[in-house]
Amino acid sequence: MLDFELDMQELTNIKVIGCGGGGGNAVNRMIIEGLRNVEFIVVNTDKQALLLSQANTKIQIGEKLTKGLGAGANPEIGKKAAEESREEIAEAIKGANMVFITAGMGGGTGTGAAPVVAEIAKSMNILTVGVVTKPFPFEGKRRMRHAEMGLENLKQHVDTLVIIPNEKLLAMADKKTTLLDSFKLADGVLRQGVQAISDLITIPGVVNADFADIETVMKDKGLAHMGVGYGKGDNKAQDAVRQAISSPLLETSIDGATGVIINFTGGVDLGAIEVYEAAEIVREAADIDANIIFGAVIDETLNDEIRLTVIATGFEEDNGKVTTSAPEAKIEPKPVAETIKKEEEPIKATHNDPLLDLDRESVNIPSFLRSRK
């Protein structure tokens, strides 16, 4: 007889890998924010940066090549450093079902090493997702050329790729916004995306999915849209979903997507009708035959509030092009301070909510709102 009293984390292992300085900083901020049910790894050529990392697993790549002094903004050095340390990287990610690779493209280590890390992960049959940033225009054409080169290399080795142009951070900022606060917004896209997938798989919720569902939507799908939204009040679900599908931090929307993951996190007052109406907005924007994976988790600390994550893949456009956000879907971005405040609140899903005890056999749930038995 099978023992079903298994820790779900034993069944599904998710790891976040920060490459270079930008990726390492993103990992640190996710750890501070309390991202749960994932393992953190940082890889860098800079020994000093590794000493400042809060990740449990730290890999100094290219020790012979760089002597721990960094890649000098040279992506070729970053690539060779990662290749020198292939065995250590493979050992660190062994056992993972899914990895998220994050880096700031345009420098040396992140740009050069991230594609190598992705190639190693894919060769181990691990679902591999890249979430990376592009440089600000003021950082110069040379750095932007390096970033574009790194992105092309990375696309060849990831299942899905989310790109956040740093320039988009300015759309959420005002004169009082600090640079650190701006980067928190970009990191929030990755953090909430990772958390949404982790919650869907590992946290008992009103509606859950399994890893096979996630893999169906994200494996070998190219460029992706990963948007997050927040809503409060009577129209909270619809407000949140509109933010998520037209994120001001991204250059993509979900128009024509053939695969969509949508995850709601709300309080005990989360209404069935408002969730249905919000999910309909996603369904209408996506392809008519889109595979929509839906999840809902109860967080008792939320009062008349909702957090929502939408991940969309499989766009119709050829050559990896995706549509930009449709004007009619756009909303006015909230002040950066308010957005950061909401993103910094830890997500505390509960296991004892009365909604979890519903007899689902007596509830007629549409197929795309199904729960994994």
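For all residues, glycine too, the Cβ spot is worked out from N, Cα and C.
Record features, source TrEMBL:
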BINDING   GLY21, GLY22, GLY23, GLY24, ASN25, GLY108, THR109, GLY110, GLU139, ARG143, ASP187  GTP binding site
DOMAIN    13-205  domain 'Tubulin/FtsZ GTPase'
DOMAIN    207-324  domain 'Tubulin/FtsZ 2-layer sandwich'
Filtered by Cβ under 8 Å and at least 6 apart in sequence, the residues in the chain of GLU139 (GTP binding site) near it are GLY106
Least surrounded among the binding-site residues, given as ASN25, THR109, when other CB atoms within 10 Å are counted: ASN25
Which whole-number mean pLDDT does the model give the domain 'Tubulin/FtsZ GTPase' (13-205)? 93
Could you measure the widest C-alpha to C-alpha distance across GLY21, GLY22, GLY23, GLY24, ASN25, GLY108, THR109, GLY110, GLU139, ARG143, ASP187, the residues recorded as binding GTP, and give it to a whole number of angstrom? 21
Please report the number of other Cβ atoms within 10 Å of the Cβ of GLY21 (GTP binding site). 21
Chain-internal residues near GLY23 (GTP binding site), provided their CB is under 8 angstroms and they sit 6+ positions away: ILE17, VAL42, VAL43, ILE101, THR102, ALA103, GLY104, GLY110, ALA114
Run through the Cβ atoms and count how many others sit within 10 Å of the one on ASP187 (GTP binding site). 24
